[in-house]
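Per TrEMBL, the feature compositional bias 'Basic and acidic residues' maps to 1-10, 728-740. As annotated by TrEMBL, domain 'K+ potassium transporter integral membrane' applies to 96-583. Annotation comment: TrEMBL describes 597-838 as domain 'K+ potassium transporter C-terminal'. Annotation comment: TrEMBL describes 1-48, 718-762 as region 'Disordered'. What TrEMBL lists as transmembrane segment is 131-152, 222-245, 257-277, 289-311, 337-356, 368-388, 408-435, 456-480, 486-510, 517-539, 545-563.
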Amino acid sequence: MEGDRIEESSVRLLSRPSSGGGVGESRWVDGSEVDSESPPWSLLDENDSREGYGSIRRRLIKKPKRADSFDVEAMEITGAKGHHSKDLSTWTTIALAFQTLGVVYGDLGTSPLYVFADVFSKVKIDSEVDILGALSLVMYTIALIPLAKYVFVVLKANDNGEGGTFALYSLICRYAKVSMLPNRQPADEQISSFRLKLPTPELERALNIKDALERKSSLKTILLLLVLMGTSMVIGDGILTPAISVMSAMSGLQGEIPGFGTTALVVVSIIILVALFSIQQFGTGKVSFLFAPVLALWFFSLASIGLYNLVTYDVSVLRAFNPAYIYLFFKKNSFDAWSALGGCVLCITGAEAMFADLGHFSVKAIQIAFSCVVFPCLLLAYMGQASYLMKHPESSGRIFYDSVPDSLFWPVFAIATVAAMIASQAMISATFSCVKQSMALGCFPRLKIVHTSRRLMGQIYIPVINYFLMIMCIVVVSIFRSTTDIANAYGIAEVGVMIVSTTLVTLVMLLIWQTNLFLALCFPLIFGSVELIYLSAVLSKIKEGGWLPLVFASCFLCVMYIWNYGSVLKYQSEVREKISMDFMHELGSTLGTVRVPGIGLLYNELVHGIPAILGQYLLSLPAIHSTIVFVCIKYVPVPVVPQEERFLFRRVCPKDYHMFRCVARYGYKDVRKEDHHAFEQFLVESLEKFLRREAQDLALETNLNELDMDSVSVISKDSEAPAGDGADELRIPLMRDQRSGEPGTSTSEEAQPALPSSVMSADEDPSLEYELAALKEAKDSGFTYLLAHGDVRAKKNSIFLKKLVINYFYAFLRKNCRGGAATMRVPHMNILQVGMTYMV
């Protein structure tokens, strides 16, 4: 496979970064594409320190930010340009911390419903050592994983405020070119949200890791598989969380309503699950304001009941703070204690949500909420249950509801039911987000995404995934029929995600943070060891339900990897078969056919070169449009691309060809839902601006060349001229009178020297006026969207496995996923499609 990989490259000229913060423009020079940050005047001597030329360069390089985005909805969504400010006020941070209770901590908060019930299904309570040892295990697990690992370390490894497995992967992709799709451009690094800080030469370790990741395709594949595995486990959580949460909440009815047995529990749980998934299409925006108060009431109930039981029954359970009881617990129960770790790990289910849901809040808000509310409330809840078990060890199977005072049972049951549904809702939404990120980075088949809120970017609904989760939840509840067996499956998925996060954060420490090697290795050594111990315990339950998440993860992993593998091969084929510039010059400006008025928007995936699909259209159509724009929709490894930095324009071939390229860059959190009429209007306006700016640049380049030649002539004739005002006047005759400041001082854009008259009259250039007129005529004639219906087939000499994967599995996914017209959101009435077959 390594021989098939083709890296695209662009011809790069001497560049000067834009000082205006926006994206600069570029043009074609002798058929070679130039980086967007390389203006044509950068060909001049970079070491030229003369004030006049420096002022002209500063004046032209400092370009205002353009509002030429095609993304209409991005303008309407609050916060589309970024995330919460780093300097939030104290009250704002506290308000965000309160809101996290309803979104982030639902799963973690409902774990007291089933943790001790599962632990003591493996270990029989014979003495107080069993209770104190289990309590100590739970307490230190919560303190070590959610508190020490996530709150103090992992949350700092965010990607511009975004968290999750794919956020870590995109962060690594920016610092090392490990993406399997070779469509990265140097201009992407100019996006403000990249915030790229290259490894310092002093730390050779970081550079060596970067080089190894970029050089060895096997490491790229391993890294991708690791990320896909973590994402598959998260999707598995989306199936198991609603099942175990709803069943645990409903199990309280078994002791209160006579005749309410297992069958009734399963039926009621299925009804609630169907209702829960049915309301997903309406979005969570309308009811989200209720989530935080309900969960706050739930945590208050946990703490109050726990404190009541602690004082009423046995306050001596505080001895569990002594970790020696963990040793005594394992010494007494040996293998049963090891088996009980599978139930103990359930006390940290949902800890990954602290990192995955970071984009909606802030690091401080999540830290404050966990440290001040969630952590103490959970400790009190578990200590209260342990205190109750000291007096009533026979209640271990139904410990949560038995420990609730009789007078409070129904209120607590109602709150527990709602809290379980909220916990399920949070995990379902997280699954939608993971699938969307996977699609954006080319790792999941294209599916329909519905944005349920015009205010919040993260609120989405994916119908196919929603119904799949619902069916799988019903199957899980119907087959297992008890929370104990579901818990065996749940633990594997949760620990798997944590191990993936530990590995990726370690890589971030070594590659990006450049942490001290000893400290960087302590992180996986401490937390990874604990997680591997838990993993070994839950894997021992494969026959008792642990096989389920492994099956789910394997299926999703295969789907995601096959899609990514096929997409990469398809892209490499497009790169290999792109049309050469020499052939385009041979065709001439007519492209070997008739050019008729109109604008053809040719959608393709190439960021450089002319796609082979153009040749198919030239062969299939009797005529081609007078103006051709190659539109490339590309996702870059950042959460959000600022609106003013979204689009790059290029000129393709000489002027009389009237061919351009537009690269539309999106982040994996960006919303792309466009009105094609507005898209077309913005496209023409942006193209007009590009043409005017290009004409201005060409006029300035010509003028500077003339000035340079004049200056050289004067200096050669009078090389002995003394330094002073006379010499300065000869060197920069056009700039001296306009200078308003001292040499070397920086002035505002308005105070920069006036441009030469030849530049100011660029609009009077006959070629520009002709091109603008031709563009207007083409616009009036209408737009046509040119798409390729691509088919990917393995070559005859390919190995059997590759033929099986490409010709059958990948072909099946492409056939049953969303088509290009729906994905690119183009009007069906104006589409022309031609068939393309790529041999890979």
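Each Cβ is built from the backbone N, Cα and C atoms, and glycine gets one as well.
TrEMBL labels come from automatic prediction, so no person has curated them.
Residues of the same chain lying 6 or more positions beyond the ends of the transmembrane segment (337-356) and with a Cβ under 8 Å from any Cβ of it are 103-109, 111, 114-123, 133-134, 137-138, 141-142, 145-146, 150-151, 154-155, 158, 163-165, 234, 237, 241, 329-330, 366, 370, 378, 382, 423, 426-427, 430, 433-434, 487-488, 490-491, 494-495, 497-498, 501, 533-534, 537-538, 540-541.
Within its own chain, the transmembrane segment (222-245) is flanked in space by residues 107, 110, 113-114, 165-166, 168-169, 172, 178, 180, 213, 269, 273, 276-277, 349-350, 352, 356, 420-421, 423-424, 427-428, 430-431, 434-435, 437-438, 443, 469, 472-473, 476-477, 480, 483, 486-487, 489-490, 493-494, 496-497, 500-501, 503-504, 507, 548-549, 552-557, 560-561, 564, which lie at least six positions past its ends and keep a Cβ under 8 Å from the stretch. Most Cβ pairs under 8 Å to the transmembrane segment (517-539), among the stretches 131-152, 257-277, 456-480, 486-510, 545-563, belong to 486-510. Counting same-chain residues at least six beyond the ends of the transmembrane segment (131-152), those with a Cβ under 8 angstroms from any Cβ of the stretch are 108, 115-116, 119-120, 123, 125, 317, 319-323, 325-326, 328-330, 332-333, 337, 340-341, 344-345, 347-348, 351-352, 354-355, 366-367, 370-371, 375, 378-379, 382-383, 386, 389-390, 393, 498, 502, 527, 530-531. Remote same-chain residues near the transmembrane segment (545-563) are listed as 224-225, 228-229, 231-233, 235-236, 239-240, 438, 442-445, 472, 476, 480, 485-493, 496, 538-539, 805, 809-810, 813 (criterion: CB distance under 8 Å, separation of at least six residues from the stretch ends). Between the transmembrane segment (408-435) and the transmembrane segment (456-480), the number of CB pairs under 8 angstroms, six or more residues apart, is three or more, so the stretches are in contact. Same-chain residues lying 6 or more positions outside the transmembrane segment (257-277) and placing a CB less than 8 Å from one of its CB atoms are 242-243, 246-247, 250-251, 417, 421, 424-425, 428, 466-467, 469-470, 473-474, 477-478, 481-482.
Mean pLDDT for the domain 'K+ potassium transporter C-terminal' (597-838) in the predicted structure: 72.
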